[in-house]
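Peer 1: Shown below is the structure under consideration.
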Amino acid sequence: MSSAGLYVCFGLLSMSSAYENIALNKSSYQQYPYPEIPALPSFLTEAHNAVDGLKSNLSVFGGQCAQSGNNQQNATWWVNLTSVLSIHHITIYYRTENRQWGPTNGYTGRFLGFSLYISNSTNKSDGVVCFKDISYTESTIPAVFNTTCPVHGQYVIYFNERSQGVTYPDDYSTYAFNELCELEVFGCPIPGYYGITCSIPCPDPNCRYCHIETGACQGCKPGTRGHRCEIACPFGFFGQDCVNSCNNTCKGCNTVNGVCDTGCYPGWKGKYCHEECDKTYGPGCTETCGHCFDSKPCHHINGSCVNGCASGFLGDACMKACDNAYGLGCREPCGNCLDSKPCDHTNGSCLNGCAAGFKGDTCKEVCDSGYYGMKCLQECSSFCKLSKSCHHVSGHCKDGCKNGWQGMDCLEVESEKQSFYGVLGVLCGSLLLNGIFIAYIIILRNRRSKQHHTNTKTLNTIAVEHDKNVPNVNDGYQELGEIGKNDTTYDVLQ
């Protein structure tokens, strides 16, 4: 081996001993696993074998190699470094079956044409090409491959293909394989450092990644840009390289993570102002929605009820109650409420009852025929021309009075007959009083009937005696009259 070759090998060996294998025992994946068969259990061919740190047996039966399935047009294998790290170089140990490597090996053609990608996702198109074989042959491709790749990434992706319709060199296998006995990724295990021992901090404070050898900034921290990452993202942008736009509902977002730390425009909420207000509206979603129709939420920005107001309310935000009206759109006028009080703005009911002459919940029904007044409890006059047909409020007879009666409620006697009825009333009253007096006399006479009979007999005897002794009849009556003046019965008869 020449001195130049020895220098290269020594250099790679020195770097390998300094940089850490950051792929060791990390999560891995292969697109087409080799199907399990009794002679080849799956643990002998699984993807993890390529990052287990074992490379002493390069045969598929040694259990140290990853083996993809046969007859595939492409083959993909990747390892997840768990975070974006600074990579220096990559080493691949290919399957040799522990035989001499070269055109006669039988597996060199499967290695030809492969590519290596460094990406921050499992999609190779999101990353950069670290290496693409376009010149190796079965005679020149090494079984242990090294390539320097001073970039940053989270996923290292091995890819090979044998697409239909494409003509490949004669040395290439018919189908694509990933037969990797070990894939080592050497670099710094902690971002933000560089140097062969990964101990030197990147010089620019806002630099997220720097070149692993020189320390030159290879990527700014989120929220900054510029050659030395000294420029903050312009207003309305954030993130890595300032390529992300803040939500237009945000008054201004954090340049690093996009959080709307200066607040949201009215109608929006959340860390990123991407959520509409729920049953509220306005700045900070602090305004409560009004009485929207069918309890629908209001517009999250201005509070308007898109489908109109619920019964009893009006206005764009449906906050104002109906005034002396009720119902949908406040189109129904209130009824005849007591003391002209307003009705309930939702259903029209009169809370304090109805005015005189009306009834029902809304006080729009007049009293039934024959009744009037408060609560329709007063009966119309029976002297109305049409019996008990009066005004529902005042009780006045609508069609006049029956003959002999007058007045609004037909309770007054007509004026031309008042004197006749007055005399008749006096006469009837006199007769009534006389009858009472006569009855009283009769009762008194019955009580004194015995005394009266005795007094009468005595009086007759005296008269007879007097007739004998006094020849003048007139004198006898005069005397009898004097006696009678002292008799109580006489007083009664007078």
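Residue numbering: from 1, along the chain as shown.
Backbone N, Cα and C atoms are what each Cβ position is placed from, and that goes for glycine too.
Annotation comment: TrEMBL describes 201-230, 241-274, 336-377, 379-411 as domain 'EGF-like'. Here TrEMBL flags 1-18 as signal peptide. TrEMBL lists 420-443 with the feature transmembrane segment.
Tell me about the setting of these features in this model.
Peer 2: If you take every residue in the domain 'EGF-like' (201-230) and average the pLDDT, you get 88.
Tertiary neighbourhood of the domain 'EGF-like' (241-274): same-chain residues 219-225, 232-235, 281-285, 299-302, selected by CB-CB distance under 8 Å and a gap of 6+ residues from either end.
Non-local neighbours of the domain 'EGF-like' (336-377) in the same chain are 310-313, 321-327, 330, 388-395; each lies 6+ residues outside the stretch with a CB under 8 Å from one of its CB atoms.
Residues in the domain 'EGF-like' (379-411) partition by DSSP class (helix H, G, I; strand E, B; coil) as 0 helix, 7 strand, 26 coil.
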Peer 1: In the same chain, who gets a Cβ under 8 Å from the domain 'EGF-like' (201-230) while lying at least 6 residues past its ends?
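Peer 2: Residues packing against the domain 'EGF-like' (201-230) from afar: 19, 84, 86-88, 150-152, 187-188, 191-195, 238-242, 254-257.
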Peer 1: What residues in the same chain, six or more past the boundaries of the domain 'EGF-like' (379-411), come closer than 8 Å to it by Cβ-Cβ distance?
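Peer 2: Same-chain contacts beyond the ends: 355-358, 366-367, 369-373, 417.
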Peer 1: Go ahead and report the DSSP secondary structure tallies for the domain 'EGF-like' (201-230): helix first, then strand, then coil.
Peer 2: 0 helix, 11 strand, 19 coil
